[in-house]
Amino acid sequence: MSKTHLTEQKFSDFALHPKVVEALEKKGFHNCTPIQALALPLTLAGRDVAGQAQTGTGKTMAFLTSTFHYLLSHPAIADRKVNQPRALIMAPTRELAVQIHADAEPLAQATGLKLGLAYGGDGYDKQLKVLESGVDILIGTTGRLIDYAKQNHINLGAIQVVVLDEADRMYDLGFIKDIRWLFRRMPPANQRLNMLFSATLSYRVRELAFEQMNNAEYIEVEPEQKTGHRIKEELFYPSNEEKMRLLQTLIEEEWPDRAIIFANTKHRCEEIWGHLAADGHRVGLLTGDVAQKKRLRILDEFTRGDLDILVATDVAARGLHIPAVTHVFNYDLPDDCEDYVHRIGRTGRAGASGHSISLACEEYALNLPAIETYIGHSIPVSKYNPDALMTDLPKPLRLTRPRTGNGPRRTGTPRNRRRSG
């Protein structure tokens, strides 16, 4: 994999706690990404940071490194109780909270700091058992955090570090009141280290930073470039009748190693899953209706390569670290132009190249002008031959069938149907 996304700045160049540096290097992290190189000098000096960087540029490791260093370098608040964590990391989704926790585990093992995880959906008693033994760093979603706080299972009066990840998504999902509720139960902003990281820093996010942080420094990486230069973008104009057949034909032509297909509704995602599973693809479905344990299992299978294709709503578009995604298909153009950037940001990460293919159908083509205005360029248009689209397609599976979330392993080679233009 290309290392061109890294800077010459090494973690060992900073005055980081030796245990943190050792843990990073053990995991193969030696050089900083641009956002890490900008953030660490500030957080090591005790400055608050509001950071913007494109997805996949290392935001998570930037705030984890800062958090572990700060806790190791500063004593806990006097008379701290067992139910009082020292650091709180808030994430908008369960999947992102789980991912952050997984990324933090090597640092926790190396430093002896204890991690806790709190998210809704399931695992209430299991999560609570960990919290009752005492944790240093608590990672979670706002709803479950508030639930535990109201029952006094956790107390935020000894918080020394706060991280808000994907703050713009917090607004999108309506969590801003929850965030403010949690902040009101912490020590004042000038008595803690505050970090906010997001792929976009809108006016409302900056307002939140002004309100809840202590004179935060704003840092940005590639702020003018909305879409990664390593991502090849492509646009088709199918009719509604030809849209599904075009998608399946493109998949057969591209034969992606690992692809994510985004649609705007759970019903549309289920429909796409049914067609692809029936056609023999190893495909998983990720929507809000999928049970939490199954969602985590599907993400794990996709990451391991047991699934080739993931069909998802935008719940999977923000913050998740899924390596080596080669293709992103926008089956529906998103209603929010920022979601276009976050979707295609699933590919072309960490120095790799990627391919984004969007279908501007009759229903969602009206979203295209706003998207192109936002990203600052027109998406190159490709044509296709309607007569060359796949026709010998099996009847789609229904979601209630036992093979939900997984199809048989693909065999053979792609069918020889080439597009025109």
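Here the Cβ of each residue, glycine as well, is placed from N, Cα and C on the backbone.
Marked as motif 'Q motif' by Swiss-Prot: 9-37. Swiss-Prot lists 40-219 with the feature domain 'Helicase ATP-binding'. What Swiss-Prot records for A53, Q54, T55, G56, T57, G58, K59, T60 is ATP binding site, and it gives sequence analysis as the kind of evidence. According to Swiss-Prot, the motif 'DEAD box' annotation covers 165-168. Taken from Swiss-Prot, the feature domain 'Helicase C-terminal' applies to 245-390, supported by sequence analysis. Annotation source Swiss-Prot lists region 'Disordered' at 392-421. Here Swiss-Prot flags 402-414 as compositional bias 'Low complexity'.
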So what's near the motif 'Q motif' (9-37) in sequence-distant terms, Cβ-Cβ under 8 Å and 6+ beyond its ends?
3, 44, 51, 53, 57-59, 61-62, 65, 68-69, 72-73, 106-107, 109-111, 197, 219, 221-222
Ten-angstrom check, please: count other Cβ atoms within 10 Å of the Cβ of G56 (ATP binding site), all chains counted.
25
Long-range Cβ list for G58 (ATP binding site), cut-off under 8 Å, min separation 6+ in sequence, same chain only, gives C32, T33, P34, I35, Q36
Cβ atoms other than its own within 10 Å of the Cβ of K59 (ATP binding site), all chains, total 26
Would you mind listing, in sequence order, the residues at least six apart from T57 (ATP binding site) in the same chain with a Cβ closer than 8 Å to its Cβ?
H5, T33, P34, I35, V221
Around the Cβ of T60 (ATP binding site), how many other Cβ atoms lie within 10 Å? Please give the count over every shown protein chain.
24
